[in-house]
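Features of the protein shown, as given by TrEMBL:
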- 41-287: domain 'G-protein coupled receptors family 1 profile' (DOMAIN)
- 25-50: transmembrane segment (TRANSMEM)
- 62-80: transmembrane segment (TRANSMEM)
- 100-124: transmembrane segment (TRANSMEM)
- 145-163: transmembrane segment (TRANSMEM)
- 175-198: transmembrane segment (TRANSMEM)
- 236-262: transmembrane segment (TRANSMEM)
Amino acid sequence: MPNASSWSAPSPLLLLREDSVGTRISLALLYAILAVSGTLSNVMVIYLVFSFKKLQTTSNAFIVNGCAADLGVCALWMPQEAVLGLLPPNSSSLRSAEYRLLRGGLLGLGLTVSLASHLLVAFNRYVLITRLPSAYQALYQRRRTGCMIGLSWALALLLLPLLPTPWAPDGGPRYAALVLALTVLGLTALVLRCYLGIARRVRGSAKRVSLLNFHLLHQLPLAAPPRRAQRRLSTLSVLLLCGAFLLGTQPLVWVSLLRFFLRPPPPALQAASRLLLCALSALNPLL
């Protein structure tokens, strides 16, 4: 059991509040697994999109943008956490304010762009399903697509001065927790609005989906299912995607709101919420 000082003193690790060797090694191993699996899966997605011309679509451009952001978390940030977990708690390198700020900024930038890319993908699919093909083609011209991707990074850089501190183990100032919660909550609400709109349209008109050649349905390895089965499969896929996205994002939102309005939640709850959000960077290629 950790003593009182181990809970009150800020820890050098994002998810670590106690100094036991077993806990530090376990977290370091977890970071290493997420780093390797996330890096390989994100690199594989980027390689496939750039290697096959058929996959070079507007929706996949947003997916590649998200994978690039996730690589910053999986390939650059997580390995550092794995190494830091093996160092002594009183190591001078762990207490460097500049280094902690750099790690927090790297994590905040990657996760913000990743969540923004989720929104871009969801909105792209929403327009594909619910609007006429001419409207979709007019909106998603190459130049406009590039501007949307650039805006996702601009948004992250704009929020970067406000977001690094919430990733610190001590949580940073209270206002930063509110900014973090509102940012994630807003992006999540927009993503859910798009996917629920897709599910509603698919259930109402399977013929519409067929006419627009929705690639998620027509790239199934088996023969095209009947309309009823097609609608059920689409709805189930959307619900599973939304559920996984909510599981990764919402715990941190409510923990941050609890910290801003009431009092800091238990360290274990903060650790679990942060771990779920960071794990999204490794799981996003599957989503």
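Count begins at 1; order follows the chain as displayed.
Every residue gets a Cβ built from N, Cα and C, even glycine.
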Q.
Which range wins on Cβ pairs under 8 Å with the transmembrane segment (62-80): 25-50, 100-124, 145-163, 175-198?
A. 100-124
Q. Are there at least 3 C-beta pairs under 8 angstroms linking the transmembrane segment (25-50) and the transmembrane segment (145-163), leaving out pairs fewer than 6 apart in sequence?
A. no
